[in-house]
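Below is one structure, written out as structure tokens, with a few remarks after it.
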Amino acid sequence: MRSLIAMYQRIGLVPLIIIGLVLGVLIGWLAPNVGIALGLLGTLFVGALKAVAPILVFVLVMAAISQHRSGNEVYVKPVLIMYMFGTFLAALTAVGASFLFPTELVLVNAVIEQVPPANLKEVLTNLLMNLVANPVQAIAEANYIGILAWAIIIGFALRQASDTARTVVGDFSDAISQVVKWVIALAPFGILGLVANTVAETGFEALAGYARILMVLVGCMLFIALVVNPLIILVKTGKNPYPLVFICLRESGITAFFTRSSAANIPVNMNLARKLGLHEDTYSVTIPLGATINMAGAAITINVLTLAAAHTLGIEVTFASALLLSLVATISACGASGVAGGSLLLIPLAASLFSIPNDIAMQVVAIGFIIGVIQDSAETALNSSTDVLFTAAADPKYAR
């Protein structure tokens, strides 16, 4: 048994994930029943990540702040600026792509269980109310805005505690981090189960009818990941951005693509930030915050599908209305994590700017759920990998 574990560790996590990915595709394609059964591995893996992430964020932030000493620099502000700027550029990119490659949708009738927010005020209100949630409830419901708020408050309070108390908090933080490493080590099995189940259940035919809209969506996300984000990093650091970009895509993006959950990928990003040698005082705050408000992929989804609906209905989109849509998408995307259904349920809000009827907007949402196996995966991979990318760029390790 020890020799097997040693061999498993020697191969490395990324090669094992690739092996799991290939095996998952083959099993899901050739033996669908086995693929569906293996889906339990993926469910358990995502469940374990989601279970450990809230307590990890709470303890890590609390420990980092309680042990912070005046004079130790933190780099949260520049990361937040990059989050917002990057999301706005993603929204503009989606608008440009929608004009270059106008897409018409074959609308479908479907029942959407979730209720979309009525207006932007409701989105922002939900986001602010998350700040004052009960701390135990926030951890139980993975409300990261609430978790961060309480962890910061308690962390400041613990600065007045004895050295022994702060040491205990630090030791507990180290213990939770070790648990996260053990969970992440099981990623190849989780990816195997997730991929096998997805291929077995959806196949490849279901997405063929939506190839054009998928190409626009994924093309925008690739453009942000491989062109726009590197330009932001180049301006910020003055260095070749691609080594860091590819590290983040490989170590964070691949896992996020298959888990389809920014929250579940928080432990993965925390582990990567630690491997990169970044300041814990910074990444313990910016990474969970990024999982909540850094939503470039969501902004792309909102704009592309909204403008596709406008093109389908023959609605003329002016430059001013497109710019307004980008601003609304940027702000709305920041609240996407607080809306059931995420970015897709914010489409009716954006569609209202063009007086698109709500029943049509909900049909567009239904299309979003159909293509979600690709759209949501790519969106999460972009969002989550960008969290650690921008955090690293703001760190002196990657400064000029």
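Glycine is no exception: its Cβ is also placed from the backbone N, Cα and C atoms.
Per Swiss-Prot, the features are:
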| type | residues | note |
| --- | --- | --- |
| TRANSMEM | 11-31 | transmembrane segment |
| TRANSMEM | 45-65 | transmembrane segment |
| TRANSMEM | 81-101 | transmembrane segment |
| TRANSMEM | 138-158 | transmembrane segment |
| TRANSMEM | 175-195 | transmembrane segment |
| TRANSMEM | 213-233 | transmembrane segment |
| TRANSMEM | 242-264 | transmembrane segment |
| TRANSMEM | 295-315 | transmembrane segment |
| TRANSMEM | 327-347 | transmembrane segment |
| TRANSMEM | 354-374 | transmembrane segment |
Which residues, given as numbers and ranges, are at least 6 beyond the ends of the transmembrane segment (45-65) yet have a Cβ under 8 Å from it? 138-140, 142, 144, 147-148, 150-152, 154-156, 158-159, 166, 169-170, 172-173, 176-177, 179-180, 183, 186-187, 189-191, 193-194, 259, 261, 263-268, 270, 280-281, 284-285, 288
Do at least three C-beta pairs under 8 angstroms join the transmembrane segment (354-374) to the transmembrane segment (138-158), pairs 6 or more apart in sequence? no
Cβ-Cβ under 8 Å with the transmembrane segment (11-31): same-chain residues at least 6 beyond its ends: 38, 184-185, 187-200, 250-251, 254-255, 258
So what's near the transmembrane segment (242-264) in sequence-distant terms, Cβ-Cβ under 8 Å and 6+ beyond its ends? 14, 17, 21, 42, 45-46, 49-50, 53-54, 142, 144, 187, 190-191, 194-195, 225-226, 229-230, 233, 272, 275-276, 290-292, 337, 376-378, 380-389, 392-393, 398
For the transmembrane segment (81-101), could you work out the same-chain residues 6 or more beyond its ends whose Cβ comes under 8 Å from its Cβ atoms? 212, 215-216, 219-220, 223-224, 228-229, 232, 236, 289-290, 293-297, 299-304, 307-308, 311, 317, 322-323, 325-327, 329-330, 333-334, 386, 390, 393-394
Spatial neighbours of the transmembrane segment (175-195) far in sequence, C-beta under 8 Å, 6+ residues away: 9, 13, 16-17, 19-21, 23-25, 27-28, 38-46, 48-49, 52, 55-56, 59-60, 254-255, 258-259, 267-268, 270-271, 274
